[in-house]
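As written in TrEMBL, here are the features:
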TRANSMEM  49-69  transmembrane segment
TRANSMEM  81-99  transmembrane segment
DOMAIN    83-197  domain 'Phosphatidic acid phosphatase type 2/haloperoxidase'
TRANSMEM  120-143  transmembrane segment
TRANSMEM  149-170  transmembrane segment
TRANSMEM  182-200  transmembrane segment
TRANSMEM  212-230  transmembrane segment
TRANSMEM  242-264  transmembrane segment
TRANSMEM  284-302  transmembrane segment
TRANSMEM  339-360  transmembrane segment
Amino acid sequence: MELVRPLIMTVIQSQNPIIQLTKNLGQRTVASCSPSPASVQKYIVKNYFYYYLFRFSAALGQEVFYITFLPFTHWNIDPYLSRRLVIIWVLVMYIGQMAKDILKWPRPFSPPVVKLEKRVIAEYGMPSTHAMAATTISFTLLISTMDRYQYPFVLGLLMAVVFSTLVCLSRVYTGMHTVLDVLGGILVTVVLIVLTYPAWTLIDRLDSASPLFPVCVIVVPFFLCYNYPVSDCYSPTRADTTTILAAGAGVTLGFWINHFFQLVSAPAESLPVIQNIPPLTTDMVVLGLTKFVVGIVLILLVRQLVQNLSLQVLYSWFKVVTRNKEARRRLEIEVPYKFVTYTSVGICATTFVPMLHRFLGLL
């Protein structure tokens, strides 16, 4: 049974999704700044189970998942875990994003591949940052909870493998990556986790660093964003990288603010082991959802306010016509406004949202 068939191009050549994954290996095309008609061809879905499974799995590796899962972890589960997840995720994603624009390996050839996503078509393919993000989040979470919570390790390992596998397979199913791109992303992530693991304890104590620490947290990521590898044509890679680094800088700075000014209690250390995970009750679910909704609303308000303000200042400074969407892509505008916006979001999520939760009696 065919999974997806284009109306104006060649039918996908395999009825078996796993066979199709292997056929995608090594298929490359010349990079293009804008999607060609073949890149956005219409298609007929022949197997809705695979279609919705892998479209949903692909969403688990996109911004909408991380902008909800990571704050939810911080507000409702464990700030200790959220801090570690964010920092490792930022490191891995920066290296992955930068590697794309250095290697410049194009995405799979279309046709015969049907590309189901449009936004990142202009980006390069190797390595798959979706695969890197999914592997990073799932296995960092597994490693970080082994000595903190008591649960069946096999169950945790199974969940990590299933989560990362679904996201990885979805990238090939949606036509956005070859198998080689995905395997490359997984391999790079494994190497980075192994290399950085001895420093994870040091990362946990960054909030007690020198008073000059916030300067480094802001200056170094901004420098990396502003000196991002130059691409032959515009793609959202630089903007996405700036968003990721800025969010990481904001979260790290927020933890430092909390510690330095003693605004909220610091996250507990990794030991001793918590013997039992608290049972999930109706009250806990309602409280968790309430904290999440309150936090997300505040984050969205801060994001919109800071973004509009920073764009107005930059447009005025560089004498650009207001609401000129093309101007947003200019280096001197795109990097500063995104960096300021998402640094503010990170600070808001880790400092002001918990303060609001306490004010509303949700803590």
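Please read every residue number as a count from 1 along the shown chain.
Backbone N, Cα and C define each Cβ position, glycine as well.
If one looks beyond the transmembrane segment (81-99) by at least 6 residues along the same chain, the residues whose Cβ comes under 8 Å of a Cβ in the stretch are 66, 70-71, 73-74, 126-129, 132-133, 136-137, 140-141, 144-145, 148, 185, 188-189, 192-193, 196, 200, 203-204, 206, 224, 228-229, 237, 240-241, 244-245, 247-248, 251-252, 255, 267.
The transmembrane segment (120-143) shares the most Cβ pairs under 8 Å with 182-200, out of the stretches 149-170, 182-200, 242-264, 284-302, 339-360. If you look at the transmembrane segment (212-230) against the transmembrane segment (242-264), you find at least three C-beta pairs under 8 angstroms, all six or more positions apart, and that counts as contact. Across 49-69, 149-170, 242-264, 284-302, 339-360, stretch 149-170 shows the highest tally of CB pairs under 8 A with the transmembrane segment (182-200).
The listed stretches are 49-69, 149-170, 242-264; of these, 49-69 has the most Cβ pairs under 8 Å to the transmembrane segment (284-302).
Tertiary neighbourhood of the transmembrane segment (339-360): same-chain residues 71, 74-75, 79, 218, 221-222, 225, 242-243, 245-255, 257-258, 263-264, 291, 294-295, 298-299, 302-303, 306-307, 310, selected by CB-CB distance under 8 Å and a gap of 6+ residues from either end. Tertiary proximity for the transmembrane segment (242-264) is limited to same-chain residues at least six positions away from its ends with a CB under 8 Å from its CB atoms, namely 63, 79, 82-83, 86-87, 89-90, 93-94, 97, 206-209, 211, 213-214, 217-218, 221-222, 224-225, 228, 334-335, 338-351, 354-355, 358.
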